[in-house]
Amino acid sequence: MVKLKYNGPLTGEVSVPGDKSITHRAIMLASLNKGKTMISKPLLGEDCISTINIFRKLGVNISIEEHSVTVDSPGYEQFREPDEILYTGNSGTTTRLLCGLLAGLPFKTVLDGDASIRQRPMGRVIEPLRQMGVNIKGRDNQFTPIIINDGDISKVQGIDYMMPVKSAQVKSAILFAGLYAEREVRITEQDISRNHTELMFKESDINIDVDDKTIILKPNGIHNLKMKDIYIPGDISSAAFFIVAALIIPGSKITLHNVGTNVTRSGILEVVKMMGGNIQVIDKAQHTEHISDIIVSYTKDLRAINIEGSLIPKLIDEIPVIALLLAHAQGVSEIRDAEELKVKETNRIDTVVTELNALGYKIAPATDGMIVYGKVKSERTRHTFDSYGDHRIGMMLAVAALLETEEIEINQFEAVNISYPNFIEHIKQLKGEL
């Protein structure tokens, strides 16, 4: 639980934690690779620690320092069979990607997570992996626990797969399984989703090609794997909360350093520019990923916009705080084509609408998103709010609280440790003292 209220503008500089999606993938690929890999500036939140702990159980030596992780692996061929369930905690990325990665190992594994993970859809991963010859089953063929290689060991085949959902996790699960395949893996997306897996595979000498919405992974890619040391940029999904805070809290100006601005992830930057927000993106470096500094300041006259179509996969995780931003724009905004919000840590359509309306904003749910009525603010109906165990809902509420003259209480706020353990510390650093 945390209590927050308005304490003036947010000003100063901050470096947000490392990108969660990239950290997961770096740990996984470094663990498959034989030898030592240094991962600099990783996210060490609860989800990524779940991934680390699983590979330790498979026999990988992973040491954690203050600003780095060193993975010293015997290589995937020397992984040992775990004698217990591999616990994925609250991490959908860990659960889904490991369904593919574990498929090529010559022993049985069982994946299970917390109560939230047990409700999230896994059939979207199980079905294409079965088409690839993977021996995999889940509870009701849809949920965890998931059992891989129970009895017969999988002989992974290639696949030509048209993605039915806009999900980088499903795509990545297929690609990780495809590393073991003796035939080509071809994936075609409806809209381009985050491409961290493809970039990291290519950087690690795995033969993978991308042609617009089609990804082609050549056979037996794992034999070419040569993982290199990797720098993890700041997570734009975490930066989003301070981008929005600076835009809506009068007098604010924040510089965010070393943020990953991969074009498949940076939809929030497009949204802010469409709304007329005061934002400057300064390109800094190109490692495996594109990195920028972002300077953002209070903007009084934000424009209402519609967000839909191919823009949605570029900002799906940022939609809760984007809804708060749209509530401060002049006019009515709509978010559409975002059904995926329903199967996140919570049904984020419901939780965003419920909590922001209780704060006095006016937001209506839609079957595939929400309608946000800007500049409509009444008295809040309660003083206690809830993250529902969803880190992004917790941080959305925290940003909203920084505009409230009377203190509000946010329950289950510890959920933010999943992706941003030092979030409150950074609010203090930017002078939004508690």
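Using the three backbone atoms N, Cα and C, a Cβ is placed for every residue, glycine included.
Since the structure is predicted, the reported quantities are computational estimates derived from the model, not experimental observations.
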Candidate from D140, D205, D209, D317 that TrEMBL assigns to the same 3-phosphoshikimate site as K20, S21, R25, S167, Q169, K344:
D317
Going by Cα-Cα distance, which of the recorded positions (R25, S167, D317, K344) sits nearest to R392 (phosphoenolpyruvate binding site)?
D317
If you measure from the Cα of R120 (phosphoenolpyruvate binding site), which of the recorded positions S167, D317, K344 is the nearest?
K344
State the count of C-beta atoms found within 10 angstroms of the C-beta of K344 (3-phosphoshikimate binding site), not counting that atom itself.
20
Same chain, 6+ residues apart, C-beta under 8 Å of the C-beta of R348 (phosphoenolpyruvate binding site), given in sequence order
I319, P320, L341, K342, D390, R392, I393
When you measure from the Cβ of S167 (3-phosphoshikimate binding site), which residues in the chain that are at least 6 apart have a Cβ under 8 Å away?
R124, S193, E340
